[in-house]
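A.B. asks: Got a structure for you, written out below as structure tokens; questions coming shortly.
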Amino acid sequence: MKQMSYVTRWLYSTSHKDIGMTYLGFGMLSAMMGTGMSVMMRMELSNGNSQFFHGNNQAFNVMMSGHALLMMFFFIMPVWMGAFGNFFLPMLMGAADMAFARLNNISFWCLPPALVCMVCSVLMEQGAGTGFTTYPPLSSMSAHSGPSVDLAMFAMHLTSMSSLLGAMNFMVTVLNMRTMGLHMVNMPLFAWAMFLTAMLLLLSLPVLTAAVTLLLMDRNFNTGFYEVGAGGDPVTYEHLFWFFGHPEVYILMMPGFGVMSHMVSTYSKKPMFGEMGMLYAMGSIGFLGFLVWSHHMFVVGLDIDSRAYFTSATMVIAVPTGIKIFSWLATIYGGELRLGVPMLFALGFLFLFTMGGLTGVMTSNASMDVAFHDTYYVVGHFHYVLSMGALFSLMGAYYYWGPAMFGLKYNRMLGEMHFWLLFMSVNVMFLPMHFLGLNGMPRRMPQYPDAFMGWNYMSSMGSAMSVMSVLVGLKSVLVQLENGENEELEMQVTPDFTESNLNREIRDSDLDLILTRPAEYHTYSELPVLTSNSHA
């Protein structure tokens, strides 16, 4: 292969692997920025008096808004969809590349300008202290007159464009680029997860785009969509935003569900228990996610019938989620369990995601949510689901597939240290938030009565511990990049039930397990043929 220049390879790239790597680097940069913002907030909250922002409560809310947007739109979504999805979906499909290689590249290059807009919105004038929901009238010109909210809106537009282009690419790839013999029902669960995530993005993002476009018009062109004085209604924005916002939670979680199935199956030396059940559960979660958005809005004055419906529909989501949890446990049960680093993160995910789900059942009740709404109970709940569910499955995916991406093994001791430090720190950080919420401490408040100080101090200690775990994780990555060729992993990754690719025919659809590490720049010179219905 002719040697490409650095600029040609990384700037004009059409290789799904190179684009995946750029997404991974971008996601890590955004994660560092978002973590820094969260640490500033926890430093402020470690004491009831003003600690860090010197009474500038707007700055606290700006940090909070920036933290949320960076972590969701610039870290978890790009790493899941862009890095792991781009890198491994064609390999799992037996495809040469993604369906639209140049579209793949432009969907990445929408993100750096979006990040610039996001950072500028934090730094310019008074910043966008609206929360990531940007509800009017707080986000209207009367409350935030500078350009900050507009810049945050532009950032959301650009990330939406990136995600929509990526989602179309993923859907076309899955529908049209499968290798011979690989039917939809036989696809690995990670490929199904990416397909369902792409469908959720395609259906929900246009609604967000419409909502923030109307907000931009209210701010700049004197329209009155959300202005009560002009005959508008701010609750319209809430309905539009949460119609996107709830599927967004499953967009962040769904790839983790897929990768969890791979990790649990591999490290239990068993095929996944109830594979079709897992598939239908993922589809059900995605479908139901569009029917429950108003559970975020129980206190805006919904009528009693609406509250009864949204409570019931939200509780129904617990059923397919429970099916997934018990199927993972059934796969582990009776298997030859090997506690490699990816499996530690998978077990951590199972425990923490279940905890987050249990607190979610409580907040789904319209009567109880009147007490929980806008307290730290909700903050604790969604961080258990996202900071622990999405993050632990993502870290597990890195340790599981990192050797395949780089061809370099990680240091197992550092990986285990990373897991235990992160596991302890996130529990110390987020468990006290539930107690604060039950006692009535409101969200988004930098100063509070001394009665709340004990649990807040404990939570801030957890935040400091999490910084240590991030440093250990970075050290683990650096050691892998510097010395990965010399590391030894005692735990063989390929499970016993994967068969060889004799005569280019293989009997299992987890194609990534039989490829070289790192995978070749062009993975398949000749496309593989699958001969079995092992996943049907």
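Cβ coordinates come from backbone N, Cα and C, glycine included.
The structure displayed is predicted, hence computed values, not measured ones.
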A.B. asks: If Swiss-Prot gives His295, His296 as binding Cu cation, which of His246, His381 does it give for that site as well?
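C.D. replies: Among His246, His381, only His246 appears alongside His295, His296 as Cu cation-binding in Swiss-Prot.
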A.B. asks: In the same chain, outside His246, His295, His296, whose C-beta lies within 8 angstroms of the Cβ mean position for the Cu cation site?
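C.D. replies: Nearby residues not in the site list: Trp242, Gly245, Val292, Trp293, Ser294, Met297, Phe310, Thr314.
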A.B. asks: Mind checking which residues of the chain, 6+ beyond the ends of the transmembrane segment (19-39), have their Cβ under 8 Å from one of its Cβ atoms?
C.D. replies: 10, 13, 63-64, 66-67, 70-71, 74-76, 78-79, 81-87, 104-105, 108, 111-112, 115, 119, 405, 463-464, 466-467, 470
A.B. asks: Whose Cβ, among the binding-site residues Glu44, Asp374, has more other Cβ atoms within 10 Å than any of the rest?
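C.D. replies: Compared across Glu44, Asp374, the most Cβ atoms within 10 Å surround Glu44.
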A.B. asks: So if I draw a 10 Å sphere around the Cβ of His67 (Fe(II)-heme a binding site), how many other Cβ atoms end up inside it?
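C.D. replies: Neighbour count, Cβ to Cβ under the 10 Å cut-off: 21.
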A.B. asks: Given the binding-site residues Glu44, His67, His373, His381, His383, Pro446, which lie close to His296 (Cu cation binding site), meaning Cα to Cα within 10 A?
C.D. replies: His373
A.B. asks: Considering only Cβ pairs within less than 8 angstroms, which of the stretches 103-123, 188-208, 388-408, 461-481 has the most against the transmembrane segment (152-172)?
C.D. replies: 103-123
A.B. asks: When you scan the chain for residues with a C-beta under 8 Å from the transmembrane segment (388-408), skipping those not six or more beyond its ends, what do you find?
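C.D. replies: Same-chain residues near the transmembrane segment (388-408) but 6 or more away: 17, 20-21, 24, 76, 79-80, 84, 87-88, 252-253, 255-257, 259-260, 262-263, 266, 340-346, 348-349, 352-353, 355-356, 415, 418-419, 422, 426, 430, 473, 480-481, 484-485, 487, 489, 493, 512, 515-519.
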